[in-house]
Amino acid sequence: MAPRRNGVGVQAEDTRICVVMVGLPARGKSYIAQKAQRYLKWLSIPAATFNVGNYRRNNAPHPSADFFDTNNAEGERKRRAAAEAAVKDMMKWFKSGGVVGILDATNSTKERREWVLDRIKGEGVEVIFVESKCDDEELIMANIRDVKTTSPDYVGQDPEQAALDFRNRIRNYEKVYKSINADGDEDHLTYLKIMNVGKQVIINRIQDYLQSRIVYYLMNLHIRTRSVWLSRHGESMLNLEGRIGGDADLSHRGEEYASKLPELVLESVGSDRPLTVWTSTLKRTIATARHLPKHYNQLQWKALDELDAGVCDGMTYQEIADLYPEDFQARDADKYNYRYRGGESYRDVVIRLEPIIMELERSEDILIISHQAVIRCIYAYFMQKTQEESPWVPVPLHTLMKLTPRAYGTEVQTYKANIKAVSTWRGKGSTAKHEDPKPEGGV
Amino acid sequence: MAPAQLYSTMSGRLFHSGRIAIVMVGLPARGKTHICVSMARYLSWLGVKTRIFHLGDYRRATVGQGGHVPQDYFYPNASPSSVMLRQKILKKCREDIYAWLNHENGQVAIYDAVNPTATGRRALAKEFAKHDVQTLFIESFVDDQEILKENARNVKISSPDFHGMDPDEAAQRYLKRIETKIPVFETMQEEELNYVRMINAGQAFFYNNVSFNYLSHRIVFYLTNLHVKFRTTFFVRAGTATEEDYKADAPLCEEGWAYAHTMTETLLRHREQERQAAIEQGGSDVPLRPLTIWTSTRMRTIQTAEPLREMGYKVRHRSQMSQINPGVCEKLSERAIRSLYPEEVEKHELDPYHHRYPRAESYHDLAVRLEPIILELEREQNDLLIIAHESVLRVLYSYLMHCSTMEIPKLKFPRDEIIEIIPAAYQNEAKRIHIPGLDPKMIPGSPEDIRIRVPDHSAQLPPIPGMSSPMEMEAASPEPVLTRPPEKIVNTAKEMVSDKVTDED
């Protein structure tokens, strides 16, 4: 399965990468794995996580700390079997078209890493080790309390007792733990080592672009709690006519929303700490942002412009259905991939938003004022919506959304301005009219 | 409100990054200048005002033509007169850096020097902080003997001192000489400083505290992707389509298909010829490097790659590579644009690179959209053929060949040429390969994206780095030439660093 080449420069196979997590328990490995998987899937790169702990649980549902003692032969055997099972499933998954597989386990010894490398490289998959190393005892205990005591291993147990047991479990790992290349004899590995939450980072032997993208993304993650605020522009003149795209001014009610937005934002932020405002380059988002406080910095991004509807720009759905009936059908059948004639698809929008996501991961306190399709794509990133779902998410006008990423998932709060606006939502397979979203729909 | 998207403010600096000094650290022959030049090329292309300050230039200027610094110049226990000289040279260089940052709106000053001691580096960071400049150190650390010898061979042998010597021996001597000249070098370990240690030309990286702002992140990502492998990139235009309209996204017309086939044949023949030529010059009979093809998602580029795809070459479609969006002015005549949007025309004439017509993209927008492609381009290990619209070729070419932004909207890529970009020390080189037998009508091809002529400032401007155009086809070409041999394009940007090639620091 290694890449095939022939003399005339034709190359066949594509890259497949296995990301092997390394580190003691409670170092945020699963958090990193989960985010990486979400990011890759959002970019349409098939990615999956294989958590060795879950395989082990099938065999030993509520183990005590002793189980993890390396001198416990029975425990050792079971843990090894779990790793085997996880790797086996991952290989099967690669054969069915997987691109980035994440092996989530401690992999804390040189022997174990060597075993994983042999096992996976033998099948033509590139291996990159990602280690999270942390010596800050407070951070570790905080992580244990937050995350680990709610783990399935401790269902129905006293949290303090559970935290203590978990700390002991870690001690068993600490006995044998060896940081990657700590002895200088693992220099042949491709790895990323993040120390004390990003204060220091080492990367070694990164081979190709996809690897460097993953590494760059992981280097940009920070774990401070922050929020991202999303709003569409106020109702526009074209919204009133049910037309898509264009570069129209705000309607009277849209202007009202722009005036009310500062109040809404203040209510949501809870203090006058400034946000950075990102708008598109179109008139309606700039106008919507213009009453925000002077001490907020404002930036225009071309990448935040609305999905380009190509030849259909400025039409109503009815006109599109009449003029391009086949396109209208095709778009409903696969809205994520449908590209307007001479325009863009949702997939295209996601690709152009990637630098924005990278910036969002790095930054704090951003308010984005953009457009329906763009907000849907950003929302899909944070809320892990599938490609089938994301283009249909209702994002009503005159509503501010606050997204707060947490360890496992993102919290959403919405603030309605209570200013009337037309609906710009249209259900799948429905008539070519805007309608009110079905009540079960997301936001 | 910031006028353009990459955060530029009225001062011309990026929005949420302050002024940055990138301070290079490393002994000679560690590839520092290569890193400086690549970084400066990338940052300027992104629209960041960047300048390199080579301390060696100041040293030479101070000791005069043909003069030498004292033997103990780099010694930790240098004589008072050497220390004085050192400080004088440093002071002048630093003053120039501050003047440029403060009075010329510079944003990133790259300070190229050895900076061998921790004490010196700490003092430097403190000094810059006093002037409200953030410091990022980039150390190029090399202990791989092969890389060291290679660097010494490539760069230093042309010095007259080593004239007529066996290259390997000259390289050894040169490295020895560095050791005696600069006996003390402390690798970076200063925990409180922001630094990147690049080990053995990118084999490994160590980052300390670098998460301090947007620009340093871009720089770090760029360095991570900076490639050292030898590979070439080819640029060609897409074939002509049945309809030129931007929104129509029409398929190739008959001549367009014929072009796709002729272009394919020419390219493959050229690659094979180059291989044969290399063998004749004593190269080994190695197979060609794999060739990957990137097109945009526009129909005509996809179809132009079709003959290659049928032969089994891998073709990737990249939506970021779509042509520049002409906006509402696409079909309007110049007169109509002038009467409908007089203010826009005025702005456009002032700054044709940054200005965007209603709902159109500017070249700067296009560059920002293409940035991920640039990074991937740096990473790519295969040879690459890029089939794209002229506007996209302009922006990609300008990155690789270090053209100024003023020049970008005017670069020309006639359809009867394949442009080949070949990496060389410090700056790339380019060749044009003639595609014979095309209908002369299709050669100049692409209608101007937005039909306002860019005022020609070339009379007032100094010669622009890069080159004027791959080919000026304005004058009605004489009889269609049957075949032309490949021609080299002169990259004048190379001259900017030519004196560094023989520089001993």
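Each Cβ is built from the backbone N, Cα and C atoms, and glycine gets one as well.
If you check TrEMBL, you get these features:
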DOMAIN    A:10-223  domain '6-phosphofructo-2-kinase'
BINDING   A:Arg232, A:His233, A:Gly234, A:Glu235, A:Ser236, A:Met237, A:Leu238, A:Asn239, A:Arg284  substrate binding site
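For the substrate site, whose annotated binding residues are A:Arg232, A:His233, A:Gly234, A:Glu235, A:Ser236, A:Met237, A:Leu238, A:Asn239, A:Arg284, the maximal Cα to Cα separation is 14 Å.
Sequence-ordered, the extra residues of this chain that approach the substrate site, with Cβ no more than 8 Å from the Cβ center of A:Arg232, A:His233, A:Gly234, A:Glu235, A:Ser236, A:Met237, A:Leu238, A:Asn239, A:Arg284, are A:Ala248, A:Leu250, A:Ser251, A:Gly254, A:Leu397. Within 10 Å of the C-beta of A:Arg284 (substrate binding site) there are 28 other C-beta atoms, taking all protein chains into account. Around A:Gly234 (substrate binding site), the C-beta neighbours below 8 angstroms that are at least 6 residues distant in the chain are A:Leu250, A:Ser251, A:Arg253, A:Gly254, A:Glu255, A:Glu256, A:Tyr257, A:Ala258, A:Leu261, A:Arg284, A:Ala287, A:Thr288, A:Leu397, A:His398, A:Ala421. Of the listed binding-site residues, namely A:Arg232, A:Leu238, the sparsest CB environment within 10 A is found at A:Leu238. Annotation note: A:Leu238 (substrate binding site) sits in a helical segment as assigned by DSSP. Taken together, the residues in the domain '6-phosphofructo-2-kinase' (A:10-223) have a mean pLDDT of 87 on the 0 to 100 scale.
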